[in-house]
Amino acid sequence: MSENAKLPPLPTGTFSERAVAWSKKNLFDGWFNTLLTLGSIAFLVWLIPPIVEWAIINATLAPSIEACAEATGACWGFVNANLRLILFGTYPFEEQWRPLLAMILLMGIICGSLGAVKYPSLRKAIIPMWVIGVPIIAILMWGGVFGLTYVQNSYWGGLPLTLILSSIGVIFAFPFGLLLALGRQSHMPAIKTVSVVYIEVIRGVPLITVLFMASVMFPLFLPDGVTIDKLLRAQIGIILFTAAYLAEVFRGGLQAVPRGQFEAGDSLALSYWQSMRLIILPQALRLVIPPTVNSFISMFKDTTLVVIIGLFDFLGTVKLALRSDPAWTKYYVEGYAFAAAIFFLICFSMAKYSAYLEKELRKGEQR
Amino acid sequence: MKIQTILAAGAMTVAAVAAQNAQAGAVLDGIKAKGFVQCGVNTGLPGFSAANAEGKWEGIDVDVCRAAAAAVFGDANAVQYTPLTAAQRFTALQSGEIDILSRNTTATTTRDAKLGLTFVGINYYDGQGFLIPKALGVSSATELDGATVCVEPGTTTELNLADYFRAKGMSFEPVVIENINEATAAFFSGRCDVYTTDASGLASIRTQMAENPADYVILPEIISKEPLGPVVAQGDEQWSDVVRWAFAAMVEAEEYGVTMENVDDMKANSTNPGIQRLLGVSPGMGEALGLDEAWAYNIVKQVGNYGESYEKNVTAKLGLERGLNALWTDGGLQYAWPVR
């Protein structure tokens, strides 16, 4: 079928004629749809004006408790007054340029890596970017060298912590999940059993349990005086958990690749890893982009669970700010709305990127 | 419940091992070697331990850690904080992740004896109470039969509530909500008849969260004793002594009227032998604890006395009067062991 045949016929008539025709076709098509349309309009009219009134018209941005007490709408002053606490948590106040810089650097590396699809020249830079970038981020966050004061990671928090937990989580969970998926397909019984048991056990428990075990049970089994960092334990928990889910996503992709492709690899006398790398995985991974991104989005949101083990991710620092002064506590709706907006922004960007990626990688199929 | 049993069993095993391995002074030596005190605090309880807008930890629980650091290092800022949830707090102490747990923790027999912990003082006497809307028309907790009660899980609060209602032969319907914001929102929206937590919490919730505080009353019954205080792990008596006396020095300083402001003057001019002993003018106390003679001077100078700490944190943030936490000379329970 040619590309043009899919296009609708070109619209004719004046703008208002077209508008009427369009609404007739899409909004008032039969009594049921008419009813739905009118119902939706009524709902929006009922819903939107009060929200706008609360969030914008009657709201105040002034960072003072007094101004908020007077305002009849939202108290964005809460976010305004506590912005640095919300963004960076309990990281030492004078040193907060460090997590800011680390966050910008991390975003830069992530964008650079994602942009490689569009600009192939960036492809070779991906690995060096991460290899150089991650230690720089670690130095910025921890310090202790180059005249930077040492900052324990119990002080890390806010958006940098959320981004670090999720990006490091993705980087490690992806290859680990891939290995597990290949292990599950393997003909070697030992590897297959280990992979299956691992995947099923981890998928059988909620993340909150994994984190709780890592944080509360695990230290009890260590010898006296040996402690493993709380953040590291949480990070490993997240990686192990996400990898099990990704493994199942990848398995779906592997199973969707036609048998003949495996045989083609064999007939070319490629080794297992060669045929995986050159023939199978490029096809399998492309097939599973939507569920993979789905897993990433859900992992990104799951990082908020670290709050139960006393780490302050972005949502945790919002709660921290709410409790910084009892007078702010009642403005939790504003705090959570702000957190929701930031989370939406990030998750929506991920979803949009995945749609773009699918389109880019499918160009080969469009003839 | 099962998880808690397993945890308790695990904790006891570790505590037993830890008790065998620890040598006297091991924790204190470790603290001196690393140069700071690792302090476990609440993840956010205004007045006790909460981060301010600059992300710095503040509160009377935080001040206990600062006092310990001032005693050991002469610098109240030589503290690193680890925010802990209720479930994590004892593990963190037993595993050595923190040196001192100052996180509004109720001293009980089980915790003191079974979990291998040592409570070194009581920096806040609290008790569990009930907050109700006036419209409910109830004037005593004994009239609460059949009420729905909003309560946060995993604390002694939940257990006390069940104990109290059982003892009175009354029934209640618990509404268990993990998060304090949601729990109070549920209460103020009428989801439950009663909100219960420690009286300090009730007072601040009533003044800060209610649309009109006058519409709500705290019932006169206080159904439990909640002596809250700093905890250390068993096994290093020298370190537990340091924390015990660092806190005692804060209370003793208040008894003597030594404040952050007049401490230099007192040190130079006071002829009271008690004050001279406390501030190290007549030496001996520091040596006995293995500390610098200016240990208590540093505490008062940098952290303040107990009354100042209470005023700055609890009264200012929560609007709570001293009540049970007044000095014994003012009819309260704060009674410092003599520094001599």
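Along the chain as shown, the residues are counted starting at 1.
Glycine is no exception: its Cβ is also placed from the backbone N, Cα and C atoms.
If you look up TrEMBL, you'll see A:30-48 (among others) marked as transmembrane segment.
Among the features that TrEMBL reports, transmembrane segment is placed at A:99-117 (among others).
Sequence annotations record features per position, and here TrEMBL assigns transmembrane segment to A:129-151 (among others).
What TrEMBL lists as domain 'ABC transmembrane type-1' is A:159-355.
As annotated by TrEMBL, transmembrane segment applies to A:163-183 (among others).
Taken from TrEMBL, the feature transmembrane segment applies to A:204-222 (among others). Below 8 angstroms of C-beta separation, residues 228, 230, 233-234, 236-238, 240-241, 302, 305-306, 308-310 of the same chain, each at least six residues beyond the ends of the transmembrane segment (A:204-222), sit close to that stretch.
Annotated transmembrane segment per TrEMBL: A:234-254 (among others), in sequence order.
Sequence-remote contacts of a segment are chain residues at least 6 beyond its ends whose Cβ falls under 8 Å from one of its Cβ atoms, and for the transmembrane segment (A:336-357) they are 55, 74, 76, 79, 86, 114, 117, 159, 289-290, 292-293, 296-297, 300-301, 314-315, 318. Among the features that TrEMBL reports, transmembrane segment is placed at A:336-357 (among others).
Counting Cβ pairs under 8 Å to the transmembrane segment (A:129-151), the stretch among A:30-48, A:99-117, A:163-183, A:234-254 with the most such contacts is A:99-117. Residues 165-166, 168-170, 172-174, 176-178, 180-182, 184-185, 195, 198-199, 202-203, 207, 210-211, 213-215, 280, 283-288, 291-292, 294-295, 298-299, 302-303, 306, 309, 311 of the same chain lie 6+ residues outside the transmembrane segment (A:234-254) yet bring a C-beta within less than 8 angstroms of a C-beta in it.
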